[in-house]
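Chemist: Questions regarding the structure given below will be posed in turn.
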Amino acid sequence: MEPLGSTLTATYAHPQPAATNFLPAIGTLTSSYRNRFPHRNLTHSLSLPWRPSTYYKTAYNYPTLAPLSSTSQSVCESTMLPFVSNRTTLFTRYTPDDWYRSTLVGFQESNCSRHNSERLRVDTSRLIQDKYQQIRKTQADSTQNLGERVNDIAFWKSEIIHELDEMIGETNALTDIKRRLERGLIETDAPLQVARECLFHREKRMGIDLVHDEAEKELLTEVETVLCCQERMRRHLDKAIAQLASDRSAQHELEKDLSDKQAALRIDDKCKHLRNTSQGVSYFRGVENVDATVSVPESWAKFTDDNVLRSQSERAASAKLREDTENLLIVIANEMWNQFNKVNVAFTNRIAETVDAKNKIHIHLSKTLQEIFQTEMAIESIRKAIKEKSAFLKVAQTRLDERTRRPNIELCRDIAQLRLVNEVYEVDETIQTLQQRLRDSEDTLQSLAHTKATLEHDLAVKANTLYIDQEKCMSMRNSYPSTLRLVGFC
């Protein structure tokens, strides 16, 4: 027998090798008449499920009738009580010693059975208490583990919420800078259009004024500057769009993780507060064998940590892109305004040069007109002088012609004749000289007229240039967008 207080693995809980029957062995038919009890065949199975196993296990170890059976075999026939068929010898089967011995054996077996039962009850009670305390401790440990799990989930949930708030703020800020970039890109279309229209209008200059001057060079530089600025803005806009997509992807992962954390927190918190008396507690057979887990604590924490780190990385890249975009807008606005001012200065200088040239042309034209007038007056004077000299020539020639009609010897080559001849030559030479001067004056007048026409054409060209540069180009450039509009604030 095991000592008192042993566990359920004590020997009384396990059958020991014994006889397959709880009754004494039955001998032959002749010897059976000397036994205490008559022979009877068993009419029931010894292995039926309704019999108490503890009793029969004990009976296997301590058969109550075995001593009597063995004793009855040793009793001599002279001491045995005969049956009715042998009444002539004795009327009893056993002696008082057998009776006392049998009673003592019964008492001993009763004491042993009670002792075993008492020990079983004590061990069972202690087992119940031990298992109860063990189960309570296990449940408390599970509750504590659930509490720690709830704390872990709550911690990561707070981290996700904090990072999600930061990411939402960064996404909104990047969206704002993207909108500013789009507005700034739209605002650059007007300066580009103005510069191109200025170049187009300046193609309508005439003559020598169709020159590749400083204003045109600055206009071409302005077009290149605006196009370069637009290209940089488009590249940053594409980067902002891609970064926004990355931010929203990271934000979506955080929101999904947060939703999972909230559901897990709700479930684990409910499990933490479940008690034996709680509503909804029931049996779920085999649930402990179902392993639907997809992560371990390390991979679980790493998953959320990776999401947070990814969000932080995307947020840092977004902040860097915002800073670069902000600086780009300021640089672009300054570059465009600097080039705008250079173009305006070039236009101002060119307009001043044109105005000065126009004024000088006016002066030359005035002088030319004055000279034309004086030349015309001189021509009139020459013509009048020629006309006057023609009268002298006619008188002298008439005199000579009349003197040719003198008779005979009167045709004398006298002083008067010689003087008249000289007078004719002198007056004719004078007329020829005056006619030459008249021709020269007329040629000069033609030259002056050509100069006048040239000056008038140049004056018209300069007036057209001034109209294009001053009235058209500079008037369009008065509507250049402000710096605030170029950086996208308006």
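FYI, residue positions are counted from 1 along the chain as it appears here.
Yeah, the Cβs are placed from backbone N, Cα and C, and that goes for glycine too.
What Swiss-Prot records for this protein is below:
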| type | residues | note |
| --- | --- | --- |
| CARBOHYD | Thr7 | O-linked glycosylation site |
| CARBOHYD | Thr9 | O-linked glycosylation site |
| CARBOHYD | Asn41 | N-linked glycosylation site |
| CARBOHYD | Asn86 | N-linked glycosylation site |
| CARBOHYD | Asn111 | N-linked glycosylation site |
| CARBOHYD | Asn276 | N-linked glycosylation site |
| COILED | 419-456 | coiled coil |
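On this model, are these features tucked inside or out on the surface, and what's nearby?
Modeler: According to DSSP, Asn111 (N-linked glycosylation site) sits within a helical segment. Around the Cβ of Asn111 (N-linked glycosylation site), 10 further Cβ atoms fall within 10 Å across all displayed protein chains.
DSSP classifies Asn276 (N-linked glycosylation site) as coil under the three-state reduction. Asn276 (N-linked glycosylation site) is surrounded by 7 other CB atoms, counting those within 10 A of its CB over all protein chains shown.
Residues 361, 364-365, 368-369, 371-372, 375-376, 378-379, 382-383, 385-386, 389-390, 392-393, 396-397, 399-400, 403 of the same chain lie 6+ residues outside the coiled coil (419-456) yet bring a C-beta within less than 8 angstroms of a C-beta in it.
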Chemist: Taking just the CA atoms, what is the gap between Asn276 (N-linked glycosylation site) and Asn111 (N-linked glycosylation site) in Å?
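Modeler: A Cα-Cα distance of 41 Å.
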